[in-house]
Amino acid sequence: NPKRLNPVDGEMVGAPDGGWGWIVLLGCFVVTGFSYAFPKAISVYFKELMKDFDCGYSDTAWISSIILAMLYGSGPIASIMVNKFGCRRVMLVGGLLASGGMIIASFTTNIIQLYLTAGVITGLGLALNFQPSLIMLGSYFDKRRPLANGLAAAGSPVFLSALSPLGQLLLNRYGWRGGFLITGGLLLNCCTCGAVMRPLKCKERKVIACSQELKEMLPPEAGQENIVCENNNDKKPSKKKLLDFSVLADLGLIIYIIAKFIVVLGLFVPTILLVNYAKDQGVPDQDAAFLLSIIGFVDIFARPTCGVVAGLKWIRPKMPYFFSLALLFNGLTDVCSATSTDYKGLVIFCVFFGLSYGMVGALQFEVLMGIVGKSGFSSALGLVLLVEAVAVLIGPPSAGYLVDKYKNYELIFYMAGGELITAGIFLALASFFFIRRKKHKDRQQKHHGDVPINIKT
C-alpha cells in the first residue's frame with residue numbers, strides 16, 4: 001500500500017488522509033467511546049450505590065461529574081505531557097490509570113473513596129487518552145478531517161449503546177463491585193489504542209518540505225515521536241511552549257469557550273439522570289438502561305452523517321452557525337420533553353436527544369480546530385477543557401440537588417434545555433458580529449494596500 005508508513009526507516013511514502021490514519025481513527029473511536037460514554041453508562045449503578053452507601057441523587061451524580069471534570073480539567077496537564085513526551089507514551093499511562101481506578105473502586109467502602117478512585121483516577125486516565133488521540137487524528141487527516149472527526153465521535157454512541165445494557169447485566173449478575181472490576185479490565189483496551197498511535201514521520205527533501213502545520217503540532221522533543229523531519233539544510237527549530245496561552249488572543253476562541261461553558265452546564269444532565277428517572281417512574285431496570293442504548297443507537301448515525309454534511313464546501317465556512325443550530329435543537333428537545341413520564345414518551349425523547357446530541361458531538365472539535373488551526377489545537381483544547389471542567393462540576397450535581405429537594409424531574413429538563421438554548425443563541429450572535437467586524441476590517445486593510453490578515457472563525 002503506497003500510503004502506508006514504513007516503521008523501519010520512518011519514511012512516509014504518501015500523504016496523510018489515509019493509510020495508517022484509518023487505524024489511528026479506529027483507536028480514536030475506541031478512546032472517544034470510553035471517554036464520553038463511560039461517565040453516562042456508570043449511572044446504571046447509581047441505585048445500588050445509593051442503597052449501599054445511604055446517599056442521594058446528588059451524591060451519586062458527583063461520580064459522573066468528577067470523571068467528566070477530570071476529563072476536561074486535566075486538559076492542560078495532558079497538553080503539557082503530550083508536548084513533552086508525545087502522544088503514544090501519554091496514552092499508555094492513561095490506559096493504566098483508567099483501568100486501575102475502576103479496579104480499586106471495586107474494593108471501596110464509602111462514597112468518598114469512589115470519588116477518588118472511579119472519579120479522579122479513572123477520569124485522569126481517560127483524559128490522558130482522549131486529548132492525545134484527537135491530536136493524532138488531526139495530524140493524520142486534513143481534507144477528510146470533518147469526516148474523520150464525525151467517525152471518531154461516533155465511538156461515544158456506539159459504546160453508550162453497549163456499555164449501558166452491559167452494565168445492567170453485570171450489576172444483576174455480579175453486583176456493582178464485580179461490574180466495576182470487569183469494567184476496569186475493559187478499560188485496558190485504551191493501552192492498545194495508545195500503542196497503535198504510530199508517530200507520523202516524513203523525510204524532507206530540498207524541494208518537498210513537511211507540512212508546516214504538522215511540524216508545529218508538537219515541539220522538538222515530542223516531534224521526535226510524532227513528526228520526524230530530516231533536512232540538513234534547515235536550522236534547528238526553536239523550542240515551543242508546553243502550553244501556549246497566546247491562543248487566547250483570538251476573540252473567536254474566547255467566544256467558543258464562553259459558549260461551551262454554558263453548554264456543558266446542561267449537556268450531560270439528562271443522560272446522567274435519565275436511568276434513575278425512568279426507574280423512579282416504575283420502568284423495569286433493563287428497560288431503563290435500554291433508554292441510553294436508544295440514544296446511543298441514534299447517535300451512531302447522527303455523528304458520521306453530521307460530519308459528512310459539515311464537510312460540504314458551503315457548510316464548512318459557516319461551521320459556528322451549524323454548531324449553534326445543533327445546540328438549539330438539543331435544548332429544545334430537553335424543554336419539549338420535560339413532561340414525558342411514560343416509557344413511550346421517554347423513548348421519543350431519547351430518539352430526538354440522540355440526534356441532537358450527535359450533532360453537537362460531531363461538530364464541537366471541528367469548530368475549535370477551525371478557529372485555532374492545527375498548530376494551536378493542542379493548547380486550545382487543553383484550555384477549553386479546563387474551563388468546561390468547572391461547568392461539569394456545577395451542572396449534574398446541581399440537577400441532582402434539585403431532584404433531592406423538590407422531587408421533580410421536570411426542573412432538570414427545563415434547566416438543561418434553557419442552558420443549551422442560551423449557548424446556541426449566544427454563539428450564533430457573537431459569531432455573526434465577530435465575523436462581520438473582521439471582514440469589514442480586512443476590506444479596509446485591503447483598500448489601503450495593507451496585507452490582509454487571515455482570520456479563522
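Just so you know, the numbers here start at 1 and follow the chain as drawn.
Here the Cβ of each residue, glycine as well, is placed from N, Cα and C on the backbone.
For reference, TrEMBL has these:
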type	residues	note
TRANSMEM	20-42	transmembrane segment
DOMAIN	21-441	domain 'Major facilitator superfamily (MFS) profile'
TRANSMEM	62-83	transmembrane segment
TRANSMEM	90-108	transmembrane segment
TRANSMEM	114-135	transmembrane segment
TRANSMEM	147-166	transmembrane segment
TRANSMEM	178-197	transmembrane segment
TRANSMEM	245-269	transmembrane segment
TRANSMEM	289-312	transmembrane segment
TRANSMEM	319-340	transmembrane segment
TRANSMEM	346-368	transmembrane segment
TRANSMEM	380-399	transmembrane segment
TRANSMEM	411-435	transmembrane segment
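Long-range Cβ contacts of the transmembrane segment (319-340) within its own chain (Cβ-Cβ under 8 Å, at least 6 residues beyond either end) map to 256, 259, 263, 266-267, 270, 306, 309-310, 346, 348-349, 352-353, 355-357, 359-360, 363-364, 366-367, 370, 410, 413-414, 416-425, 427-428, 431-432, 435, 457. Counting Cβ pairs closer than 8 Å and at least 6 residues apart in sequence, the transmembrane segment (147-166) and the transmembrane segment (346-368) reach three or more and so form a contact. When Cβ-Cβ distances under 8 Å to the transmembrane segment (380-399) are tallied for each of 20-42, 90-108, 245-269, 346-368, 411-435, the top count falls to 245-269. Each of 90-108, 178-197, 245-269, 289-312, 346-368 was scored by its Cβ pairs under 8 Å to the transmembrane segment (114-135), and the highest score goes to 90-108.
Stretch with the most C-beta contacts under 8 angstroms to the transmembrane segment (62-83), considering only 178-197, 245-269, 346-368: 245-269. Below 8 A, the CB atoms of the transmembrane segment (178-197) and the transmembrane segment (90-108) form 3+ pairs separated by six or more positions in the chain. Long-range neighbours of the transmembrane segment (346-368) within the same chain, counting only residues 6 or more positions beyond its ends whose Cβ lies under 8 Å from a Cβ of the stretch, are 36, 134, 145-146, 149-150, 153-154, 156-157, 253, 256, 260, 263, 267, 270-271, 274, 278, 281, 283, 291-292, 294-304, 306-307, 310, 319-320, 322-323, 325-327, 329-330, 333-334, 337, 340, 377, 380-381, 384.
If you look at the transmembrane segment (289-312), the same-chain residues 6 or more away from its ends with a CB under 8 A from one of its CBs are 37, 40-41, 43-44, 144-151, 153-154, 156-162, 164-165, 167-168, 271, 274-275, 278, 283, 319, 322, 326, 346-347, 350-351, 353-359, 361-363, 366.
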